[in-house]
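From Swiss-Prot, here are the annotated features:
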type     : residues : note
SIGNAL   : 1-27     : signal peptide
DOMAIN   : 32-131   : domain 'Ig-like C2-type 1'
DISULFID : 53-114   : disulfide bond
DOMAIN   : 137-224  : domain 'Ig-like C2-type 2'
DISULFID : 158-207  : disulfide bond
CARBOHYD : 246      : N-linked glycosylation site
CARBOHYD : 360      : N-linked glycosylation site
CARBOHYD : 389      : N-linked glycosylation site
CARBOHYD : 396      : N-linked glycosylation site
COMPBIAS : 531-548  : compositional bias 'Low complexity'
REGION   : 531-551  : region 'Disordered'
CARBOHYD : 680      : N-linked glycosylation site
REGION   : 713-793  : region 'Disordered'
COMPBIAS : 725-756  : compositional bias 'Low complexity'
COMPBIAS : 763-785  : compositional bias 'Low complexity'
MOD_RES  : 805      : phosphoserine
REGION   : 806-826  : region 'Disordered'
MOD_RES  : 938      : phosphoserine
REGION   : 971-1007 : region 'Disordered'
């Protein structure tokens, strides 16, 4: 019982102990840790190479070696062997090679790593590089023979061969190592530098290169040290003659590698003095094309006395060689020149930067030529190979010349790989590495790259917009667009303010006088006449003067005003001009005979208050519109006073003209016809106190065949007694309503009558016109003989002047000064057709008598060039309205040549012919015509003009003032009348008046 219990207790006590032992053992385990890392090693000697690696851990870790990340198999015939302590043995290391051995060039055998692992983890050591020692056979630079002078510095060059590790250079002299003396000997980069040459430095020198792979010895170089000599006699060196006998190409040395450079052997012969040159130098250069500039000579010191080797040349070049002797600083003459052409070799380097770019069904191949030192001749072209694959066969192309690109057509998608090689005369060189390009179908590329299409297009657009030509094109287009816009705006604005068709004139009187001298291109009737309704003018709120010569449809009526009533401004405005000379005059006949007005008592009327506001022609600020006030001088003032009133202190050509005075025959005829017309006017509901007498004047007929001043006399008129006609109240005058629209230009003020008329009669007044001779005294412009603006026509008088009823009679004056019975004439515009009974009176009164004296009735003045609207008044009332049939008759008359229609006799004869064709109509418009405002009277008017003096007519030319003054001075000095009678003109006028119309024709008034 007791023994059994002890065994049980003993069994129970061993279990915890076992657990403690197990836990203690587990507590001693640890992960592996590398204690000794492998080191870089170099094979030295024939024995195996060792690489050590030690690691710690519990349990002990397992060691494994890896080469370049790959585990080693350690199975024969693998040269690697693992020792139990983890050391790696390389049993067969690579042999130490030579320069031509390709294996010797690969000195790096790889990177070895050690890996230790157990159940707790793995540890990896650092990498160790294993390499082999290599030393090539050839020296990069061999030492050369040379001659040195005592006390001078010289250098022995040596370039050791390539090796691993880098070889060290040592110099040997005469088979023994050279003891380097500090300050005298210096080794730099393998070359030996001697600061001061001594005579003991002569000997044979050799360069030795040494590393772990062994050592290499260079060729022996002989150094000669000479004493310094006095070169006072350089004649000896100049006498040396060198003959270059031969230049031979040496075979390439295989020890120099697969790409050796050419070398030549030079042989020469020296002749001359016994003392030879101390050294010889080879001079060489490449041969240039004929006519080209030669390349510079390259110099190379030769290591021989009569022959030497020369390197540093290039294959495929033509060289020129020569030798030059030298002794210290002195140089002798050069030898002869020999030529040598080196053969070409294949290029030693492939083309560089080969690229492939896809195109539209093509592939663009481009490259860069190989470096110049690797051409080995002249590159004559390139060879391009396309490597074949499963879908594309191989192909090749030859590119001739210096072209460095090729376009290859692609027929199907796939992978394209190309190689390029340079070609010389020796053949194609080394090809480049293959460059591949994968071409996919358009649908596949679109499905694979849907998101790249948009950004690529945007980027391409940005690049295109940044190009200079695109920016310049956009700038030019924008500039042209702005220019076109500006031109359109300018044309639209100009279309609103442009002047109407027709001729235009300056308001300067000098320009007018010069313009009147040439009328070869002027038409008798202007094509710019406008027809303005008289009722519209009268009902408008604007002043009458602002309506003169303006078209209601013209928005710029102020600018197109046809009259300027103030003094001429320095700036000459441009106004329309029709180059016609037809004017008219309106005179108001009082019912009673007024006394002749004097300068102290002016016989004028004041402007009514309701018309005072309309005295300004227009409210525009335009300079021309602001000067349209009536400024015609009053006839009641003396010429001198009127001259001062107009501020004319001196006589000028442009603003001075003689005051023409009418004859008594004209005054008598006007009063007589005025008495006739009052009978017709008295038939209206109200009594007419005053009547308007209209004088119509045809413009002067210019003689194109002569530029001389031609004078024409006024017809004579007998004296008549001054009687006072009865007066009537102005308030009883009835207004006459307009019957037809008219384009008549209205004056701004009535013209007072300055001469008395015949005794009163029932015919108080009438509208009458002067004879053809007197009608030439004025031009067809609008004016008023009142100077101020207070003498204006009342609306009733204007309406009476503009339009008369169809039943009214408008008698015309005749050339004859004798009165005749009133008869209803027929008018054609400005042409008056009398009755048949009046033709007999004209035959009896065709002749004229000399002037007996007279009083100034309404003297016409030299006036401005007529305007289009004034020409309408002078050329026909029938053109006033479009619905008037008489306008067709006036148009027929006005379409004729103005050179003969200026004659009133011919015009009247033409009117008879027109009426005989059936165009005769009753007149519907008042024959009221006006004359233009003339310049103020000159103070000289009082000198040579008298009431009894009748002035002739003249035609204008620039020197008219001088001729007039000379003619008047001569004739007045002799006591003769200033203007002799013109019998020829009177006879012609009489003959014209005696003509009778044909039977059936309408009677014509030749007055």
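Residue 1 is the first one shown; counting continues down the chain.
Glycine is treated like the rest: Cβ placed from N, Cα and C.
What you see is a predicted model, and the numbers here were worked out from it, not measured in a lab.
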Please give me the CB contact count at 10 A for residue 207 (disulfide bond), counting all chains in the structure.
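I count 27 other Cβ atoms within 10 Å of it.
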Quick one: what's DSSP say for residue 360 (N-linked glycosylation site), helix, strand or coil?
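For residue 360 (N-linked glycosylation site) - judged by DSSP and reduced to three states - the answer is coil.
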Can you give me the Cα-Cα distance between residue 246 (N-linked glycosylation site) and residue 53 (disulfide bond) in Å, rounded to a whole number?
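Rounded to the nearest whole number, the Cα-Cα distance is 66 Å.
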Averaged over the domain 'Ig-like C2-type 2' (137-224), what pLDDT does the predicted model reach?
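A mean pLDDT of 89 is what the model gives the domain 'Ig-like C2-type 2' (137-224).
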Using only C-alpha positions, which one of 114, 158, 207 is spatially nearest residue 360 (N-linked glycosylation site)? These are the disulfide-bonded residues in the record.
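Closest candidate to residue 360 (N-linked glycosylation site), judged by Cα separation, is 114.
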Going by a 10 angstroms cut-off between Cβ atoms, which of the glycosylation sites 246, 360, 396 has the sparsest surroundings?
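Least crowded of the glycosylation sites 246, 360, 396, by Cβ count within 10 Å, is 360.
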Looking only at C-alpha atoms, tell me how far residue 53 (disulfide bond) is from residue 396 (N-linked glycosylation site), rounded to the nearest Å.
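Between the alpha carbons of residue 53 (disulfide bond) and residue 396 (N-linked glycosylation site) there are 55 Å.
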So, three-state DSSP: helix, strand or coil for residue 53 (disulfide bond)?
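Note: residue 53 (disulfide bond) is coil by DSSP, not helix or strand.
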Relative to the Cβ of residue 114 (disulfide bond), which residues of the same chain, six or more apart in sequence, are found under 8 Å away?
34, 37, 38, 53, 55, 63, 64, 65, 66, 86, 88, 124, 125
Do you know offhand how many angstrom separate residue 396 (N-linked glycosylation site) and residue 158 (disulfide bond) by C-alpha?
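Roughly 47 Å, rounded to the nearest whole number.
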Tell me, how many other CB atoms lie within 10 A of the CB of residue 158 (disulfide bond), whichever protein chain they belong to?
25
Please count the residues of the domain 'Ig-like C2-type 2' (137-224) that DSSP assigns to helix (H, G, I), strand (E, B) and coil.
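Split into helix, strand and coil, the domain 'Ig-like C2-type 2' (137-224) gives 3 helix, 44 strand, 41 coil.
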